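Contents: one structure, followed by commentary.
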Amino acid sequence: MSFAKIIGSGSYLPENCVTNDQLAAKLAEKGVETSNEWIVTRTGISQRHLASDNEKTSDLAVIAAQRAIEDAGIDAADIDLIIVATSTPDFIFPSTACIVQSRLGIKGGAAFDLQAVCSGFVYALATADSFIKANNAKCALVIGAETFSRILDWNDRGTCVLFGDGAGAVLLQASEKPGIMATQLNADGSLNTILNTPGRIENGVVTGDPFLRMDGQAVFKQAVTVLEKSAHQVCEKAGVSLDDIDWMVPHQANIRIINYLGRKLGLPTEKIVTTVAEHANTSAASVPLAFDAARKDGRIKAGDCVLMQGVGGGFTWGSALVRL
Ligand code: ACO
């Protein structure tokens, strides 16, 4: 039986880095009041990277993918599956994954987008794992890429300070050894209104609300509850204990959610990778961005056991337990 093993990773952040103070000054020009102190205390965020007007989600995804391919040392032509997790695709169609495939010069194999908002990367990893285990793919490129700055209401201080843009990618290859040990995915669609972007296009016109809306406190409560349960479930599935985890790479939405979860699971902060201060919440890109940062700075090493977790709109959540 084949496993799916991570053989490389890469990431990309847009050049334009905006600190809380810079954002607060910009928002003040339009009468929206916020401060570095409020943002840091409530969220742990200090800055975010924002895509320029002509930078699309696929542009971010392609650079992250090129870096992952270089890191893995493979030929791009070997990739026979591309999944892009995104809620901010370039177009309604074709998929961002097809654009990425073309820009990488790859012909053949499957390419599609997957939309599970901030859980998107974990969902995409689980999907690619299933393709490889079923012998339907041998080498999968899994990307989380977002330009959430395009769907933010810059007059809503309760949401616009929380997000950033970016992309992260991993390459998975069929292997006799794990690899991805277990995944665990969930959705509760009855909670679809606590975090959503409910606009749509009808007859050529955007109708409804095209911006991200969130009931922050409901999301907070839901996130900590479901992620704790999912961590236990994925460990049980893989037959490992929480003590066996070398690193947790959680969705980077809010440092208070991450710290709360670490305490509940008994994972010391030294084992938790956090990039929320530097990246803010990059939705589906947050887990692969954090994972790549910790791999490249030498924290996550070959042989380590890594718990990745995503949670977000839908409401969706999930975990992946991975042996590097
Ligand atoms: N700057 C200054 N004041 C603000 C800001 C801001 N950016 N945003 C809101 N406020 C004010 C509000 O207007 C309110 O003022 P009032 O008391 O005068 O009415 C006050 O701060 C408190 O507002 P709340 O929304 O109740 O603030 P809360 O303490 O809940 O913090 C936050 C908001 C940070 C969003 C919190 O609910 C939270 O952490 N939620 C988790 C959700 C999250 O992290 N979402 C990320 C996306 S979802 C995901 O990725 C899973």
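One-based numbering along the chain as shown.
Glycine residues also receive a Cβ, built from the backbone N, Cα and C atoms like all the rest.
Listed in TrEMBL for this protein:
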{"type": "DOMAIN", "residues": "112-189", "note": "domain 'Beta-ketoacyl-[acyl-carrier-protein] synthase III N-terminal'"}
{"type": "ACT_SITE", "residues": "Cys118", "note": "active site"}
{"type": "DOMAIN", "residues": "235-323", "note": "domain 'Beta-ketoacyl-[acyl-carrier-protein] synthase III C-terminal'"}
{"type": "ACT_SITE", "residues": "His251", "note": "active site"}
{"type": "REGION", "residues": "252-256", "note": "region 'ACP-binding'"}
{"type": "ACT_SITE", "residues": "Asn281", "note": "active site"}
Write down the Cα-Cα distance for Cys118 (active site) and His251 (active site), rounded and given in Å.
7
So how many of the residues in the domain 'Beta-ketoacyl-[acyl-carrier-protein] synthase III N-terminal' (112-189) end up helix, strand or coil by DSSP?
26 helix, 32 strand, 20 coil
In this structure, which of the active-site residues Cys118, His251, Asn281 has the fewest other Cβ atoms within 10 Å of its Cβ?
Asn281
Would you mind reading off the Cα separation of Asn281 (active site) from Cys118 (active site), to the nearest angstrom?
9
Write out how many residues of the region 'ACP-binding' (252-256) are helix, how many strand and how many coil, based on DSSP.
2 helix, 0 strand, 3 coil
